[in-house]
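Asks: Would you mind keeping the following structure in view while I ask a few things?
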Amino acid sequence: MCFELWVQSMEAYFRRSHWIRLSGFLNGPSTFFHRPLPKERTQSLSTPQKMNPTLALLLLCQLAFYTSVTCKKVCGRPPVTDGMDTLGLKRVYEIGEEVTLACERGYTPGNGKTARITCSASGEWTKLDLVCSPKMCPLPKPMQKPGMIDVPFKSVLNYTCDDGYVMIGANESVCLHDGTLSAPPPMCKAVSCALPQAPKHGKIVYDNKKFTGNEIQYGQSWTYECLPPRAPIGNERGSCLASGNVTEPPVCKEVSCSIPPTIDHGIITFAVMREAGYKEKVKYQCQEHYVLDGSEEIQCQNTGNWSTLPVCRAPCKVNINRGRIFYNAKKIWIGDLKPNRVLHGEPVVFYCLNKELKCGIPVASQCIDGTLSTPECFKEPGKMEYTLKPKSLPSEIAMCQADLTK
């Protein structure tokens with residue numbers, strides 16, 4: 001089963017998309033993840049903000065000119081951080097007042113305790129050591145990956161299934177304050193299709209008949225076949241589709257091909273010269289020394305045409321009178337090549353002379369349907385040299401190295 005994980009923030013304030021995608025087993029639920037933003041970055045504009053102690057003192061002093069009130073230092077709202085409970089907090093506190101801060105539901109204090117702070121004579125709060133961390137919900141094991149094994153409080157898991165699969169269970173799960181998910185992950189079940197109907201005058205051959213009853217699962221496939229002499233016109237392959245439907249079957253239609261054609265320098269074997277039905281075969285072979293290029297069999301297709309005909313390729317002649325060649329895994333004097341014939345596709349090596357280094361160079365050529373090219377560098381020796389000094393020929397002296405050194 002393959003899944004992807006997306007988790008969406010449930011914060012009620014400013015929202016910013018911050019999506020993380022996870023992967024898992026084939027065809028399993030896909031889940032998408034968005035981490036909740038810290039409270040300091042998501043507070044509503046209407047939320048009371050901490051007043052600077054100096055500013056508060058200045059305002060009180062200015063007010064004294066009109067009301068004859070004695071100036072005194074006070075503390076503003078306590079410095080809460082993400083995950084702290086803000087219920088019941090005031091805007092202004094008197095010197096010496098104490099406040100006990102705690103983590104709100106769904107968050108855990110880092111030191112395992114609540115924190116008590118005091119408004120000091122300087123108008124500042126004493127040091128706050130409380131850190132509130134969101135409780136984490138472990139992801140279902142099939143969805144875990146390195147670095148992502150759990151998600152924070154208030155996160156939402158949204159599940160989807162791959163094409164061809166339907167979801168059984170809830171498509172959403174929320175990380176609760178107690179560190180558990182609100183719902184287990186769903187299952188993704190393969191789509192089912194009704195058994196396909198065989199075409200008229202045809203049958204169905206399943207690739208892997210692993211089903212019971214009258215349904216098959218998504219992805220299962222088969223072949224539509226027609227009974228001779230009929231041929232399938234349309235889809236020859238079928239499968240159970242993601243839509244829950246099956247591939248439309250073909251129409252079985254009578255098809256025939258013309259009398260098998262002849263080929264140059266070839267003959268037909270094991271066939272009666274008549275029209276042929278669908279999938280009937282005809283076999284060819286070539287005359288002596290000709291090479292069959294292509295399949296030796298052709299078949300009557302559902303279009304009423306034969307498959308591609310083979311061709312008989314002609315042999316070649318080595319067009320030199322004097323010299324030595326490399327043919328059929330050995331060196332041979334041209335006069336000893338009897339008959340002078342090389343079959344189509346066979347290689348022949350000629351020997352050329354490197355005049356500067358005085359060494360031989362082997363140059364390959366190939367017989368292609370009756371044509372064997374002689375390399376331009378090959379110089380046929382004179383009759384006297386060929387008869388009296390055969391050891392001086394390029395084929396008999398030392399061969400040049402690959403880097404053209406002697």
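Cβ from N, Cα, C; glycine included.
Keep in mind that what you see is a predicted model, and the values were worked out from it rather than measured.
According to TrEMBL, the feature disulfide bond maps to Cys161-Cys188, Cys257-Cys300. Look at TrEMBL and you will find 73-134, 135-190, 255-314 tagged as domain 'Sushi'.
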Asks: Give me the Cα-Cα distance between Cys161 (disulfide bond) and Cys300 (disulfide bond), rounded to a whole Å.
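Replies: Computed Cα spacing between Cys161 (disulfide bond) and Cys300 (disulfide bond) is 45 Å.
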Asks: Which residues does Cys257 (disulfide bond) neighbour through Cβ under 8 Å, counting only same-chain ones at least six apart?
Replies: Glu275, Ala276, Gly277, Glu280, Cys300, Gln301, Gly304, Asn305, Trp306
Asks: For the domain 'Sushi' (73-134), give the DSSP counts of helix residues, strand residues and coil residues.
Replies: 0 helix, 22 strand, 40 coil
Asks: What are the helix, strand and coil residue counts for the domain 'Sushi' (255-314) according to DSSP?
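Replies: Looking at the domain 'Sushi' (255-314) with DSSP, the answer is 0 helix, 25 strand, 35 coil.
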Asks: Using all protein chains in view, find how many other C-beta atoms are within 10 Å of the C-beta of Cys161 (disulfide bond).
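Replies: Around the Cβ of Cys161 (disulfide bond), 23 other Cβ atoms lie within 10 Å.
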Asks: Give the three-state DSSP assignment (helix, strand or coil) for Cys188 (disulfide bond).
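Replies: DSSP call for Cys188 (disulfide bond): strand.
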